[in-house]
Amino acid sequence: MNKPKKVAILTAGGLAPCLNSAIGSLIERYTEIDPSIEIICYRGGYKGLLLGDSYPVTAEVRKKAGVLQRFGGSVIGNSRVKLTNVKDCVKRGLVKEGEDPQKVAADQLVKDGVDILHTIGGDDTNTAAADLAAFLARNNYGLTVIGLPKTVDNDVFPIKQSLGAWTAAEQGARYFMNVVAENNANPRMLIVHEVMGRNCGWLTAATAQEYRKLLDRAEWLPELGLTRESYEVHAVFVPEMAIDLEAEAKRLREVMDKVDCVNIFVSEGAGVEAIVAEMQAKGQEVPRDAFGHIKLDAVNPGKWFGEQFAQMIGAEKTLVQKSGYFARASASNVDDMRLIKSCADLAVECAFRRESGVIGHDEDNGNVLRAIEFPRIKGGKPFNIDTDWFNSMLSEIGQPKGGKVEVSH
């Protein structure tokens, strides 16, 4: 075993209900094995690494690290920084003109005496970590980078289950359980529940499934109008499945006529190509982030779907609600805590072996929990619409299954 002298932890990208739990789990595991190993946490993700801004993990922090399990978010802070996007790093004042952000980051790790870097983030964070690991190896820095995969989308190849996704689905279901009662406030109400998921419908589908489990456990009073039908999910739209707007409008109008409301779950990535084409045709700029991704909050797919359907189904009022920030900023649930603990424990074990990679259940190797090689990590894993539970749900809510759509990342 090659004992690390100093370990650094950073979180990056958007939030997911696992970050604090993962930070706490890593600190606790290192402390259990050898409390003499120094730990620092870079403030604000890769931004903190570039600027040399970090928190020391003191004895008091080690003692109370378990407190982090109770809170959502990331106490050490996140940022969206791509080390290979030199222009953006210069523009944001993170490096000087002419500097290579990867070299600045590597030199800062050396300056801080770090020999193990733990990155906790999604596909962008871990591809950035992969680039940094390759740079370190090419230039003989002798540092090990170990990633933990967080994303509410559950869309990272070849990882079976990303950290935080189960919790996000559960929290999105809880969110809509309150919102859905708004159908009492107005006749012929259309409620659109927009769920996070850039190019992957897993979270939308899983949120709908978790929500329907809540309905399964509920008690109803149809004699006074409290029916499951009015609380039901009437349609689920994901990027990987084609949508026949006219046919769906006809079906949903029948639901509206019968139940007096329609509840739609839609992925924020569904219909984006059509929306972007519409924006470009009008000469409008399509906003993008540092990684080149379309800023979905500016594109507003839920609003677009609401506008498409409202007139066709005869809605008197349309309500569009987004559960994304509510869900992603939650503390981890029990299932995720268990997954996070097992991944963090293996990450520490890999640190002692100086084994780089992203910790996860490898779908290409029998779903074994291991350090997956960085070059094999990539985003954009689509949701499999042929999954049994998804097909059963579509059948139960009376929604015809659309054809498969190839989604781009």
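Note that Cβ sites are derived from N, Cα and C of the backbone, with glycine treated the same way.
Keep in mind that this is a model prediction, so the values were computed, not measured.
Following the DSSP three-state reduction, the secondary structure of D153 (active site, proton acceptor) is coil. Positions annotated as active site, proton acceptor by Swiss-Prot, on the basis of sequence analysis: D153.
According to Swiss-Prot, the feature diphosphate binding site maps to G14. Around the Cβ of G14 (diphosphate binding site), the same chain contributes N78, R80, G122, V152, R328, each under 8 angstroms and 6 or more positions distant in sequence.
Taken from Swiss-Prot, the feature Mg(2+) binding site applies to D123, supported by sequence analysis. All protein chains shown were included, and the count of other CB atoms within 10 Å of the CB of D123 (Mg(2+) binding site) stands at 26. Following the DSSP three-state reduction, the secondary structure of D123 (Mg(2+) binding site) is helix.
Around F326 (substrate binding site), the same-chain residues six or more apart in sequence whose CB sits under 8 Å from its CB are Q171, G172, Y175, listed in sequence order. Per Swiss-Prot, substrate binding site is recorded for T151, V152, D153, M196, G197, R198, E268, Y325, F326, A327, R328.
Within 10 Å of the C-beta atom of D124 (site 'Important for catalytic activity and substrate specificity') sit 21 other C-beta atoms, taking all shown protein chains into account. Residues or ranges marked as site 'Important for catalytic activity and substrate specificity' by Swiss-Prot: D124.
Taking Cβ-Cβ distances under 8 Å and a sequence gap of 6 or more within the same chain, the neighbours of K150 (site 'Important for catalytic activity') are T11, G13, A16, C18, L19, A22, I120, G121, G122, T125, S162, L163, G164. Here Swiss-Prot flags K150 as site 'Important for catalytic activity', drawing on sequence analysis.
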C-alpha spacing of D153 (active site, proton acceptor) relative to E268 (substrate binding site), in angstrom: 11
G197 (substrate binding site) to D153 (active site, proton acceptor) - Cα separation in whole Å: 5
C-alpha spacing of T151 (substrate binding site) relative to D124 (site 'Important for catalytic activity and substrate specificity'), in angstrom: 10
Greatest inter-residue Cα distance in Å for the substrate-binding set T151, V152, D153, M196, G197, R198, E268, Y325, F326, A327, R328: 17
Length of the line joining the Cα atoms of T151 (substrate binding site) and D123 (Mg(2+) binding site), in Å: 8
